[in-house]
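What follows is one structure encoded as structure tokens, with my remarks underneath.
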Amino acid sequence: MVRLYNTLTKKKELFTPIDKDHVKMYVCGPTVYDTAHIGNARSVVVYDVLFQLLKFCYGKVTYVRNITDIDDKIINAASEKNSNIESISTYYTKAFHEDMRSINCAEPTHEPKATKNVDYIIKLIEHLLQSGHAYESDKHVYFNIESYHEYGALSGKKTDELVPGSRVEVNENKKHPGDFVLWKPANDIDYKLSSYWNSPWGEGRPGWHIECSAMSYAYLGKDFDIHGGGIDLQFPHHENEIAQSKSAFAGSMFAKYWIHNGFLTVNEEKMSKSLFNIVKVRDLLDSGIKGEVIRYALLKTHYRKPLDWTENVISDAQETLNKFYRLSRGLDTINIDESNAEISKDFIDALKNDLNIPEALAILHEMAAKINKMSNESEKLKLTESFVKSARFIGLLESSYEKWFAVDVNHQEIERLIDLRKIAKKNKNYDTADKIRDQLKQMGITISDNEDGTTTW
């Protein structure tokens, strides 16, 4: 049984799909005006693992992750680069896909773009106007939050606490400071960049919040199981999505479970342009850090807890994966999925417990320690296959030993040096043994002496 922490109810709950034969999940995707940073990547990695777990437990899963390809940030980027929104969004969508593939993330079932769903957006706004939950003002259309009496259920914020300023737009055309825009009129830059559409309220473009409500409805219907995203989206974005969707469809629960991953900091500071500390996935990859190392670093902390990104996080991830890949040496890891090996039950149980990936990783470490102590080759092979298959379930050990270490040395020479070192140690000639270890290290080979007297590299 899968248990997940539901932000809406503020407690861990047994996950019970609306349709036991078909799980539906929507996750807020990127706004494509720049390359992805590690905060973006954390969210993608978390829901990628959840996607794999749900498929394992329930079979059919429809995972929708949108692309926000019309937004003020995209328009500003297009204007600054003397380009257009389609070129900017297409370029950065491609970059996003490349970066996410590099960290072993599977593609969602559907990846709708806001610009391709404007018709759905307009119809949803019309429905909100007709039902009295929205109003026109100075060529804008706003959602009236006072018309939705459950506003604040997700975030805990109440309508009378929403004052102008901070994250609430100051606008005299609103009935309430917390009212948010559903449709905005085109301005000069919109006309210049062709970032506008025809609508019953004139030429313009949609607000951000209505885009996700429309796309989730278009691909998953009025009600679905899981809505995910970063904790920074809880308010106002997700709160506003709930208000729109439940107001548009009477009796709808919209999303049954709300899942949020925690904040990401860099050296205990908020990641921001002003601090010049934004860490891009592409920059890490270009510096020679493997995508799988980035993935491990993002998975090491429980998804709901804050993750502080430091150099140690990366070095620890690299060291751990080196250790794991050494255990896989000799296995055909590329075809391990077709083997009869079973994924560890304890490993899966950890994931079922509110996606406790750190606990699952701890189980991998326990399996690794046990493998190193085993002398029965048949049992050792069986456990190693299970170890690799379990790791691959969360997107690790997707490569092979040879590719990971890019070994281009004479295997016989390495084994000869290891045998000479054993003889030196047996004869208590420790200086010679240490020199051989150093020689191997210079060749890029790290050796490990096991309790059973064997040496692995």
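In case you wondered, yes, glycine gets a Cβ from its N, Cα and C as well.
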Among 30-40, 283-293, 382-392, 426-436, Swiss-Prot lists motif ''HIGH' region' at 30-40
Per Swiss-Prot, C28, H237, E241 bind Zn(2+); matching candidate in C57, C212: C212
Can you identify, from 205-209, 225-229, 270-274, the stretch that Swiss-Prot calls motif ''KMSKS' region'? 270-274
Site of maximum Cβ density within 10 Å, from binding-site residues C28, C212: C212
Between the binding-site residues H237, K273, whose Cβ has more other Cβ atoms within 10 Å than any of the rest? H237
H237 (Zn(2+) binding site) versus K273 (ATP binding site) - Cα distance in angstrom: 22
Same chain, 6+ residues apart, C-beta under 8 Å of the C-beta of E241 (Zn(2+) binding site), given in sequence order: H209, C212, S213, S216, H227, F254
